[in-house]
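Asker: Okay, here's the structure, questions in a sec.
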Amino acid sequence: MQRRTRGINTGLLLLLSQVFQIGINNIPPVTLATLAVNVWFFLNPWKPLYHSCISVEKCYQQKDWQRLLLSPLHHGDDWHLYFNMVSMLWKGVKLERRLGSRWFAYVIATFSLLTGVVYLLLQFTVAELLNQPDFKRNCAVGFSGVLFALKVLSNHYCPGGFVNILGFPVPNRFACWAELVAIHFCTPGTSFAGHLAGILVGLMYTQGPLKKIMDTCAGIFISHAGPSGQQNHFNNAGPSGYQNHYADGRPVTYDATYRNYDVYTAGLSEEEQLERALRASIWDRGNTRNGPMPYGFRLPPEEMRRQRLHRFDGQ
């Protein structure tokens, strides 16, 4: 692992151009905050890379557990940051809008911690099985493990279709495994164990007990925090039964939005909806004097339905 050099951060400039090309108001808040935190730690590292990376030797044997928190937020150089954050940008836009901002923030925090723990377990196991203590000294840093976990979630929610990896079409459900192997052979300096740890954490969420454990912990926290005006109920397909309340206490339930989803999406996939929304935002900027609505601005349901149907009828 090399220490980054000072100079023009071309990767950082490209990342900023990507963000402004999409539009800050089109990026959900937790995704945007995750990008901002990673960029801030890149420009103002909490500790040098050698003191923030994770390894069995440093974390387990020397009890330096704070590295589990620091390692996902530090990157080797501006290109390492760029590729990770561009990937985070597109995964975050899709997943945060599906899961909701609070749950997505919970997922990011949990995955950031667990990928480090699983990485240490993998390195320790390999070192013991092969009798190679050098594996205990391998030090990893970066957000890519979390991204592989999010990749598993994205493929779980959108299992159909193919992606092109090194010129070969690969089904979405196997894409993370193909990328794991491809990155390892094309870029030998990357952490194979770190990426594998991310995949395993993602599978623990989609196929294992992790999501139920997170649901239970969230329920305990909410019960201790007391009643609130909003309740979120989650299942394996994301949020359902989102409930809000009027000022007089009457509940407003949005289950019908999910049952009549095609009315709002015109039958488009998530990727097509995202592309159309970005194009519409760009068109609105060029043809109106008013700026785009901030993220999270909510129209009344009937007004939203009227505007969307009017837009689709005009195309």
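Yeah, the Cβs are placed from backbone N, Cα and C, and that goes for glycine too.
Note that the structure is predicted; figures quoted are calculated from it, not measured.
According to Swiss-Prot:
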- Ser144: active site, nucleophile (ACT_SITE)
- His195: active site (ACT_SITE)
- 269-284: region 'Ubiquitin-binding domain (UBD)' (REGION)
- 301-315: region 'VCP/p97-interacting motif (VIM)' (REGION)
- 1-21: topological domain 'Cytoplasmic' (TOPO_DOM)
- 43-103: topological domain 'Lumenal' (TOPO_DOM)
- 125-137: topological domain 'Cytoplasmic' (TOPO_DOM)
- 155-180: topological domain 'Lumenal' (TOPO_DOM)
- 202-315: topological domain 'Cytoplasmic' (TOPO_DOM)
- 22-42: transmembrane segment (TRANSMEM)
- 104-124: transmembrane segment (TRANSMEM)
- 138-154: transmembrane segment (TRANSMEM)
- 181-201: transmembrane segment (TRANSMEM)
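Would you situate these features in the structure and describe their surroundings?
Answerer: Residues within less than 8 Å, Cβ to Cβ, of Ser144 (active site, nucleophile) and separated from it by at least 6 positions along the same chain comprise Asn84, Ser87, Thr190, Ser191, Gly194, His195, Gly198.
When other Cβ atoms within 10 Å of the Cβ of His195 (active site) are tallied across all protein chains shown, the result is 26.
Look at the topological domain 'Cytoplasmic' (125-137): DSSP puts its residues at 11 helix, 0 strand, 2 coil.
Using a Cβ-Cβ cut-off under 8 Å and counting only residues 6 or more beyond its ends in the same chain, the transmembrane segment (104-124) has close neighbours at 28, 30-31, 34, 54-56, 59-60, 67-69, 71-72, 92, 95-96, 135-136, 138, 140, 143, 145-146, 148-150, 153, 191, 193-194, 196-198, 200-202, 204-205, 210, 214, 218.
Remote same-chain partners of the transmembrane segment (138-154), defined as residues 6 or more beyond its termini with a Cβ less than 8 Å from a stretch Cβ, comprise 1, 38, 49-50, 52-55, 58, 71-76, 80, 84-85, 87-88, 91-92, 94-95, 107-108, 111-112, 114-116, 119, 123, 175-176, 179-180, 190-191, 193-199, 201-203, 205-206.
Sequence-distant contacts of the transmembrane segment (181-201) (same chain, at least 6 residues past either end, Cβ-Cβ under 8 Å): 111, 114-116, 118-119, 122-123, 126, 138, 140, 142, 144-149, 151-152, 165-166, 210.
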Asker: Under the DSSP assignment, what numbers of helix, strand and coil residues are found in the topological domain 'Lumenal' (43-103)?
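Answerer: So the counts come to 42 helix, 1 strand, 18 coil.
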Asker: Please report the DSSP secondary structure of Ser144 (active site, nucleophile), reduced to three states.
Answerer: helix
Asker: Go through the chain and flag residues at least 6 beyond the ends of the topological domain 'Cytoplasmic' (125-137) whose CB is under 8 A from any CB in it; none is fine as an answer.
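Answerer: Beyond its ends, the topological domain 'Cytoplasmic' (125-137) has Cβ neighbours at 55-57, 61, 193.
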Asker: How do the residues of the topological domain 'Lumenal' (155-180) split into helix, strand and coil according to DSSP?
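Answerer: Its residues fall into 12 helix, 8 strand, 6 coil.
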